[in-house]
Amino acid sequence: MGSEIKKIAVLTSGGDSPGMNAGIRSVVRTCAYLNIDCVGVYRGYQGMIEGDFKPLDARSVNNIINKGGTILKSARCDEFRTKEGRKKAHDQLVTEGIDAFVVIGGNGSFAGALIFNEEYNFPVIGMPGTIDNDILGSTYTIGFDTAINTVVEAIDKIRDTASSHNRLFFVEVMGRDVGHIALNAGVGAGAEEILIPEQNLGLERLLESLKRSKKSGKSSSIVIVAEGDKIGKNVFELKEYVEEHLPIYDVRVSVLGHMQRGGNPTCFDRVLASRMGVKAVESLLEGKSNYMVGIRDNQLILTPISEAIKAHTEIDEELVKVSDIMTT
Ligand code: ATP
């Protein structure tokens, strides 16, 4: 391919997501396949600043495709936000003879990569690794599919209890700024209402909807609430509000929390991460830099990182309609 790149580093940064290991494995094995040296950077940008590197060959990534989390560990690193911190990171990369890096992470990790590239013209490609599915330039991020399946499985179990005791459950799922997990898992698990940050359903409509559910003969209900829902009350306040205004309901709350980030990645996330890793290394060797690998219409595409970090992805209005119809 006639490229100057002989050694590529790979790191995971920001919040971990299931499938990151499959992504690391893919980058490492693609390098091995193309006779490029590969180095793992531990603990994201923190490890880059400290020179916490380890050479990785094809066999170093045996038996990790099925594991959640990240073998390289992840970290948030305030020092990388400073010019001095990034200078240290650059010095470490140069000392190690690294010519380019692949960062698997979210918007913040990409913002860091972009500014580093601006300062040092250092080749970088991003792979979207976050359960939130909130990155422009990719229909799916690595970890999203696993997270929604985890949530659906949990809600199926909660439903058993809800229906046995005629209860109403508020289930809080992750999603501070975006409601993709809530909407997709909510439709998949047959939730009665889905409260997402993109829409303000309003307390009155929620009460009306719950009243309708009762009238129509539903004896139990599940309401999914994204963390960042804009209704103005947290999930425990919602419980109190509904109990006060609809005493017929026996309300319980379940906050799913960090279990949503863990677990073995689904086949979808493993395949997605494997495809993205190949594309990331190939792109670097073709001389490309400052792009994020994404997927659209089942085709891998490259989006400038500067575009990818501009905004969050929009909620799928067609799915919102489906959800409205399904809760009739
Ligand atoms: P998640 O979606 O899980 O939050 P993320 O990649 O967005 O993942 P962040 O904590 O926002 O997670 O960012 C990860 C790291 O990227 C930060 O700890 C910091 O080291 C670096 N970073 C983020 N924003 C910047 C920035 N503007 N300049 C330099 N570095 C940054």
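Start at 1 and count along the chain as shown; that gives each residue its number.
Note: Cβ is positioned from N, Cα and C throughout, glycine not excepted.
According to TrEMBL, the protein carries these features:
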type	residues	note
DOMAIN	7-283	domain 'Phosphofructokinase'
BINDING	Gly15, Arg76, Cys77, Gly106, Asn107, Gly108, Ser109	ATP binding site
BINDING	Arg25, Ser26, Val27, Val28, Arg29, Arg159, Gly190, Ala191, Glu192, Lys218, Ser219, Ser220	ADP binding site
BINDING	Asn107	Mg(2+) binding site
BINDING	Thr130, Ile131, Asp132, Arg167, Met174, Gly175, Arg176, Glu227, Arg252, His258, Met259, Gln260, Arg261	substrate binding site
ACT_SITE	Asp132	active site, proton acceptor
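Here the features listed in TrEMBL are placed on the structure.
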| residue | record | DSSP (3 states) |
| --- | --- | --- |
| Gly15 | ATP binding site | coil |
| Arg25 | ADP binding site | helix |
| Arg76 | ATP binding site | coil |
| Gly106 | ATP binding site | coil |
| Asp132 | substrate binding site | coil |
| Met174 | substrate binding site | coil |
| Glu192 | ADP binding site | coil |
| Arg252 | substrate binding site | strand |
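For Thr130 (substrate binding site), the nearest neighbour among the listed binding-site residues (Gly15, Cys77, Glu192, Ser219), judged by C-alpha distance, is Gly15. Checked against ligand 1, the binding-site residues Gly15, Arg25, Thr130, Met174, Gly190 give Gly15, Thr130 in sequence order as having a Cβ less than 6 Å away from one of its atoms.
For Cys77 (ATP binding site), the same-chain residues 6+ apart in sequence whose C-beta sits under 8 angstroms from its C-beta are Ser13, Arg43, Gly44, Tyr45, Gln46, Ile49, Gly85. Maximum intra-site Cα distance, ADP binding residues Arg25, Ser26, Val27, Val28, Arg29, Arg159, Gly190, Ala191, Glu192, Lys218, Ser219, Ser220: 53 Å. When other Cβ atoms within 10 Å of the Cβ of Met174 (substrate binding site) are tallied across all protein chains shown, the result is 23. On its own chain, Arg25 (ADP binding site) has Val61, Ile64, Ile65, Ala273, Ser274, Gly277 as residues at least 6 apart in sequence with a Cβ closer than 8 Å to its own Cβ. Within the same chain, residues at least 6 positions away in sequence whose Cβ sits under 8 Å from that of Arg29 (ADP binding site) are Ala58, Val61, Gly277. Residues within less than 8 Å, Cβ to Cβ, of Arg261 (substrate binding site) and separated from it by at least 6 positions along the same chain comprise Gly15, Asp16, Ser17, Pro18, Gly68, Ile131, Gly143, Ala147, Met174. Neighbour counts of Cβ atoms within 10 Å were compared across the binding-site residues Val27, Met259; the minimum falls on Met259. Ranked by CA distance from Val27 (ADP binding site), the binding-site residues Arg76, Gly108, Ser109, Asp132, Arg252 have Ser109 at the top as the closest. Report note: the ATP site is defined by Gly15, Arg76, Cys77, Gly106, Asn107, Gly108, Ser109, and the residues of the same chain whose CB lies within 8 Å of the CB centroid of those residues, excluding them, are Ser13, Gly14, Gly44, Gly105, Gly112. Met259 (substrate binding site) falls within a helix when secondary structure is assigned with DSSP. Under a cutoff of 8 A between CB atoms, and with a sequence separation of 6+ in the same chain, the neighbours of Gly108 (ATP binding site) are Ser13, Gly14, Arg76.
Of all Cα pairs drawn from Thr130, Ile131, Asp132, Arg167, Met174, Gly175, Arg176, Glu227, Arg252, His258, Met259, Gln260, Arg261, which the record names as binding substrate, the longest spans 33 Å.
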